[in-house]
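According to Swiss-Prot, the feature topological domain 'Cytoplasmic' maps to 62-73, 134-152, 225-252, 309-354, an assignment based on a curator's inference. Residues or ranges marked as disulfide bond by Swiss-Prot on the basis of sequence analysis: Cys110-Cys187. According to Swiss-Prot, the feature N6-(retinylidene)lysine maps to Lys296, an assignment based on similarity to another entry. According to Swiss-Prot, the region 'Disordered' annotation covers 333-354.
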Amino acid sequence: MNGTEGPYFYVPMVNTTGIVRSPYEYPQYYLVSPAAYACLGAYMFFLILVGFPVNFLTLYVTIEHKKLRTPLNYILLNLAVADLFMVFGGFTTTIYTSMHGYFVLGRLGCNLEGYFATLGGEIGLWSLVVLAVERWLVVCKPISNFRFTENHAIMGLVFTWIMANACAAPPLLGWSRYIPEGMQCSCGVDYYTRAEGFNNESFVIYMFICHFCIPLVVVFFCYGRLLCAVKEAAAAQQESETTQRAEREVTRMVVILVIGFLVCWTPYASVAWYIFSNQGSEFGPLFMTIPAFFAKSSSIYNPMIYICMNKQFRHCMITTLCCGKNPFEEEEGASTTASKTEASSVSSSSVSPA
C-alpha cells in the first residue's frame, strides 16, 4: 500500500521515514507546503465570498417578489439552500482547518463536515435531476395535459432530500465512513481503504451507480428530448424569427447545463472510482483535493446557470438591488416579452429554465 492507514484516516504517503502523523492531531505539511494550505484557504474564501451572496440573494428575492413564488422556483430555492449547506457546512470548516494544516476539529467534526458537504452536494445534484424531468414533462408532453403544480414541486423537494440523505447518512451509520481526504483538511467518503466492518466496497459501488451514473443518464435524456422538441417546433415555423431565437437560446442553455453538470461532478467521480479500483496505487494529496473542491464549486455554477439565466428573476434581482428601480427596465421588459413569445410557440409553459 502506497499510503499510511490508521484509525479513521488514510494519509497518501508511505510512512517509511516515520514522519506521517494522524491528520486529527498534527499538521500535514510533509504532504504539501504551507503555501498550498494557504491557497486552499484562499480558494474557500473566494467560494464563500461569491457563493453566499448569490444564493442568499436568490432566497431573498424570491421571498420579496410574489410573482417568483411558482412551483418550479421551489426547486430553484432548494438548489440555493443546498449551495448554502455547502458554504456553511463545508467551506467555512475547510478555511479553519487549512489555517492549521490538518483537520483540527477531530472525528466528530469530520463526520459533520463530511455529512453536510455531501448532503448539500447531493441535494443540488438531485434538484438538477428534478428540474430536468420537469422540463421534459412540460415541454415534450409525454403525459398529455400535464401541469407542474405546487404538489409536484413539494414531491420533488421531498425526493431530493430523501435521495441526498440516502447518500450522506449511511457513513454516519456504519456503512462506509467519513475520513480526511487529499490534503487532510476536509472529509469525504472512504474510497481509499477496505477497512473491516465498514463495507466500503459496496457503498462506493452503490454511490457511483445511484448517485452519479443514474442522475447523469436522466439529465442527458431529458435535456436531449427538450432540445429535439425545440428543433421540431422551430422547423415547423421557419418563418418565425422569435422561434428561431428560442431554438438558439434553449440550445445554448442545454449545452451550458450539461457542461456544468459534467465539469462539477465527472472529475470527482472519476478520481474517486480510480482510487477505489486501484487501492494501493501511488497518488499524491492533490490528486483527490483538486477534483473534490472543483465539485464543491458548483455552489457558484448552479445559481449562475439555473437562476441568473432566468430573465424574470434577473429583472426582480436588479429591482431589489437598485432599491425598487430597474435602470435596465426597458431592455429587460422587452427581453422578457420576447421570451414569453418564444416560449409560447413550443409549449403552454416556458422553455427557459423557469
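Glycine is no exception: its Cβ is also placed from the backbone N, Cα and C atoms.
The separation of the residue listed as 'N6-(retinylidene)lysine' from Cys110 (disulfide bond), Cα to Cα, is 16 Å. The residue listed as 'N6-(retinylidene)lysine' is 12 Å away from Cys187 (disulfide bond) when you measure Cα to Cα. Around the residue listed as 'N6-(retinylidene)lysine', the same-chain residues at least 6 positions away in sequence with a Cβ under 8 Å from its Cβ are Leu47, Met86, Gly90, Phe91, Ala117, Gly121. When secondary structure is read from DSSP and collapsed to three states, Cys110 (disulfide bond) falls in the helix class. Under 8 Å from some Cβ of the topological domain 'Cytoplasmic' (62-73) lie the Cβ atoms of residues 131, 134, 148-150, 152-153, 312-313, 316, 319-320, 354, all in the same chain and six or more residues away from its ends. The residue listed as 'N6-(retinylidene)lysine' carries a helical DSSP state (H, G or I). Of the listed disulfide-bonded residues Cys110, Cys187, the Cβ environment within 10 Å is emptiest of other Cβ atoms at Cys110.
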